[in-house]
Amino acid sequence: MEFCAGGGGGGGGGRWRLHQLVVAMLLWISLHRHVLGCSNTNCNLVLTEAQGDITSPCYPQIYPNSQACRWVLQAPAGFIVQLYFADFELEEAPGCIYDRVMVNTGSTEVKFCGLTADGLTLNSTGNVMELLFTSDFSVQKRGFSVSFQHVAVALRNQKVKIGNGNGQTTKVAVALPTLSHLTICFEVERTSQKQKEWLFTYYKSNGDTALSLGFDGSGVKLVVNAVACPLDSIVSQTDFTSAMRPFCFLWTSSSGLVAGYLNGIYRSTICSATIGHSVEATGEFRLGGQDSFNGNIYNLRLWDYAMTEQQLAALTCDTVGNVLDWDNSQWIIPSSVAQTDATLSCSVSPPSNTPLTTTCLSPALGCPEGLFYRVSFVVEDGGSAPSPQDVERTVDVWLNDTFQNWTHTVYADSIRVSQTSGNPSSYTCQALLVLYYVTNESSGEAAVSTQLSDRRALVGAGLQIQSASIRVQLIENCAEDGVLHYSWPESRPTVTQTLPCFPNKEQSASRSCLISTQNYSSYWSAADFSNCTDIDTIEVSAENAAEVAEQLAVISNNELSSEEVSKVVTKVKQLVNVAKINATLASTVVTIISNVMTSSETALAATSGEALKTVDELVQKIEFEGPSVSITSRHLALGISALNTTVFNGTSFSAFMAPNSTDPQIDFESERVNPLAEVILPASLLSGVSLSEADRSSLSRINFMFFGSTSLFTKEQDGRSLNGYVVASSVGNFSIRDLRDPVQIEIAHLSPQPPLNPLCVFWDFSLNNGAGGWNREGCEVSKESSSNKTVCLCDHLTHFGILMDISGVSPHIDPQNNKILTFITYIGCGVSAIFSAATLLTYIAFEKLRRDYPSKILMNLSTSLLFLNMVFLLDGWLASLDTEWLCLSVAVFLHYFLLTSFTWMGLESVHMYIALVKVFNTYIRRYILKFCIVGWGLPAVLVGIVVAVDKTSYGLQEYGKGDSTEASSEVCWILNPVVFYTTCVGYFCLVFLLNVAMFIVVMLQICGRNGKRSNRTLREEVLRNLRSVVSLTFLLGMTWGFALFAWGPVSLAFMYLFTIFNSLQGLFIFIFHCALKENVQKQWRRYLCCGRFRLSDNSDWSKTATNNTKKVSSDNLGKSLSSSSFGSSTANWTTKAKATLNPFTKRHSSTDKCYSNHTGPKCVSSSSSSSEVEPNSSSSSSSSSILPVSQMIDKVKGYCSTRTDNFYKNIIMSDSFTHSTRF
């Protein structure tokens, strides 16, 4: 059977089978009943039970819309109501204007929404408390769960739990005097029996026991001044039952008498060992002891004398202990251990029934004494000329008279009068009006303004009020103001708001909304935190360690600032150092560290190292019984196993996540499938380690730590990111390295990744100035690794993690290639430094070689390359000295000289552009000075900015490690990747693009000009062009571009090319721009050679003139801007050619500019040397005429263009190189 719906024919309708319809109807009925059940919940109740729970409708499901609930909690006389918000989640809104819970404690009304009340405890001021819950029409949350209980006002209505198991202790708040006699009485009930249990302990200042009562395993003992007195003849352990029973014990120093009073029977004994002893003062008295009694104690009182049997029998509830009494003022009792019990023998019921009071319409904003109005008006003088003081007194009287018989009580306060500017007979008056509450209705601004206007004619003393000037404004509320842990709600003026303290919510902080007497506006006062305990003020000692730990656990379970995180970690470190750590205390400390690990990276930045060291110290101090112990929390798990060094056969630890659990668990020995992390220690762990007998006896444990969160560790380093959990293992506090068989560590990846060059590392506390960092020494990746896990093999024990390559394509260089590249680098840099120095010395030694601009630019480039290679060669050695400031300095200089080298390569191309393209009118004043400012100054500015912003961008870095155990190199270089990619890679790319463009332009011009020459063969042209390419390639640093292509499968090949050509750049520049230049060769032969190789001074001129006469106009005329070869080879041309040039040109003596006498081209020399043009041809037999007139005319006409011609020639080099160079 089925139902059909929809139009016929088309098949577009839907079909419902009968059983489907029945299921849908049943589901709708079920949901409807659920909704009706929630909406019909009775949430308007009066509760008189001693304890119970209150939940929002439908809790823990979302609460319904439009709820208005009211619970009235009423306790008997002598009790108050205490609320505890176990869970709280409402809609968050400013001022809680949507959904809210309001609690009326009897004197104040507090409003909550969002998550603000979670974990909060509130007490009523009387025996009645009111809880109201309101929800609007939209956005529902989980709601709340509140527990309540009646708490006795007096301590005599409460018993105190001794051994609560959570580390909280009860102690005395007053100082005890020295006692030679004493009587102590109390009532006690047992919950469970232990082998060792102590009811109370009084510790001396040095930690020894001064007074204690309990069972030590062999019988009941009273300990006096560290002397134990058996009480087996007086009382037995079975006398302490589950029913509350009274006990009294006394002791006398003079006779050693010890007596007890139980069930009306007096028994005594002599403890002679205590004769002459006393209980010293200034100790600490606390309930329980090292092994606390499990039960409740009540009405403990202490006297400084030994009572007789008759006095003990006559004791009543009203007999006050003259040393210590059962009173709140004399005890420090955590709220969680005090229990109210109306059946206690000495309980009282003081009459106290404070009704709820509400004195204003919106009590959530606070109820001040009245409404406050800011009043201002202008008063004019009728001719009596009063002073401002007279006006102030008159206005004060008039204001109070005006509201004297009004419907509400009003008085004027803080009147201020000032003379109106520019009108001596006019006064501006301001006043504060306070209107007291009579009903819950306020009169409003209009009513006050009307009353003032109606009575303005009665001011008197000849004063009149301008009606239009009257202004009445209700003083605004103080706006809501929030800081990290405190959110102060909107408040009326003069109202004081209170909020629970952070971290001790039992106390409160206060802040008042005040009114300024200057402009009558409201403002918040400074918050009063005098009742709140700051983390710094918490005192840590061995005795209160458990209590402090509980307090820090509560504090750390909140959002903390960086300063608060630092304080918490500091206190935990102090606690671990001074306390005796049992499993319970260790669990609390682990919880604290786990809570701290949830803080932001910014908050953890300064304290993560201290937190890790604290965890290391903690595992060394934990005391445990049995073969092992594990302590877990949400983000940190510890496992400790007992170690027998004589029969150690290896062991393993693993961390796993149990089903339905949020905390990682530790497993010992057994193998688990797909653990989060696992450490396998080999049986030979201790065999290769030389240990003395004392060392072996101290090695009693193996520690294992699993960090479920990596927030305490650096997540990125050297371009790699952390992609795994972190584990740590240690054997006692002994350092174990260089193991024969490696430790195997298996770590699951945080996210599945293909095997992109994983790296095993350990956390080295010595790096980064003690802050710690990842180090890969002694660790390698096992072949068992996969995309879901990495298996590491390490020869030492410490924190281990995995770094994954972010890009996934970084080359992995094997040790053999790494050694080859290192060898090439150092040999090349050494050779390059030598020949850079040779180039520089050549140009310095021979003055004729450095007359033009290109030679000076070449000298600067050679200087930069020389220092770059020298600093690089020294870098590795200086890094090994492990001196921070020295390493930083080396890194800065290496960075600087690298940038100067790039800059001078770029300036070479800039000069080529000026010489090749900007041929005409290119005279630049102080040409080389400007180049030097850019070449040396711009890099200095960039490096200076980096050092000023963050000098830690430079430091010690490790290279060439890979994932093998081969030794790596440490160099001082840039650590910050942003600085590296910005100032090195980015800067080089800009220079590289400029040089590539110039390279292309120059080669096109060379090829074009050479194509016009017919006196060379094709082979000669090809060789000349090839030499030009090679020469420009090294001069402009084109080989540095190989680094941009070192990616993927060809990365190793390009790395070899990069290393070879760049490490030898100085050599190639020496060859092509020094050794093969004809004018350099002549200078060498003239001054450095002897015998037949020496070149005479006059041979240079005659040979050059003879060989090159035919090419004067096309090759060698003019001064080139790009090389020194031409200018130095024809030094005497100017003086011999002046007569020939005079008919055509004239020279300006001061500017070195030459002008044509006729209309024609004009050229400007950039320096004196550039303007002195020298010939390359002369007849060997003629001394009167150096050049033919026709050639000189051709020379003048082509003067500027020959500059470019010589530029090409000097790139291609001299013609003599085409054949052979003769010495």
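Every residue gets a Cβ built from N, Cα and C, even glycine.
Per TrEMBL, the feature signal peptide maps to 1-37.
TrEMBL lists 43-151 with the feature domain 'CUB'.
Of all Cβ atoms in the shown protein chains, 23 besides its own fall within 10 Å of the Cβ of Cys113 (disulfide bond). TrEMBL lists Cys96-Cys113 with the feature disulfide bond.
If you look up TrEMBL, you'll see 155-346 marked as domain 'Pentraxin (PTX)'.
Feature annotation from TrEMBL assigns domain 'GAIN-B' to 627-810.
The domain 'G-protein coupled receptors family 2 profile 2' annotation in TrEMBL covers 821-1077.
According to TrEMBL, the feature transmembrane segment maps to 823-846 (among others).
Annotation comment: TrEMBL describes 858-879 (among others) as transmembrane segment.
With a cut-off of 8 Å between Cβ atoms, the residues of this chain six or more beyond the transmembrane segment (885-907) that come close are 857, 860-861, 864-865, 867-868, 871-872, 874-875, 878-879, 931, 934-936, 938-940, 942-943, 946-947, 951, 954-956, 972-974, 983-984, 987-988, 990-991, 994-995, 1035-1037, 1040. Look at TrEMBL and you will find 885-907 (among others) tagged as transmembrane segment.
The transmembrane segment feature in TrEMBL is assigned to 927-949 (among others).
Sequence-remote contacts of a segment are chain residues at least 6 beyond its ends whose Cβ falls under 8 Å from one of its Cβ atoms, and for the transmembrane segment (985-1007) they are 899, 902-903, 905-906, 908-910, 912-913, 916-917, 942, 1025, 1028-1029, 1032-1033, 1036-1038, 1040-1041, 1044, 1208, 1211-1212. The feature transmembrane segment is assigned by TrEMBL to 985-1007 (among others).
Outside the transmembrane segment (1028-1047), and at least 6 residues removed from its termini, the chain residues within Cβ reach (under 8 Å) are 809, 811, 858, 861, 901-902, 905, 908-909, 988-989, 991-992, 995-996, 998-999, 1002-1003, 1006, 1054-1055, 1057-1058, 1061-1062, 1065, 1068-1069, 1072-1073, 1211-1213. Residues or ranges marked as transmembrane segment in TrEMBL: 1028-1047 (among others).
TrEMBL lists 1053-1076 (among others) with the feature transmembrane segment.
The region 'Disordered' annotation in TrEMBL covers 1105-1130 (among others).
Annotation comment: TrEMBL describes 1114-1129 (among others) as compositional bias 'Low complexity'.
The region 'Disordered' feature in TrEMBL is assigned to 1147-1185 (among others).
According to DSSP, the domain 'CUB' (43-151) comprises 3 helix, 55 strand, 51 coil. When the stretches 823-846, 927-949, 1053-1076 are ranked by Cβ pairs under 8 Å to the transmembrane segment (858-879), first place goes to 823-846. Model confidence over the domain 'CUB' (43-151) is summarised by a mean pLDDT of 85. In this view, Cys96 (disulfide bond) is surrounded by 22 other Cβ atoms within 10 Å of its Cβ, with every protein chain counted.
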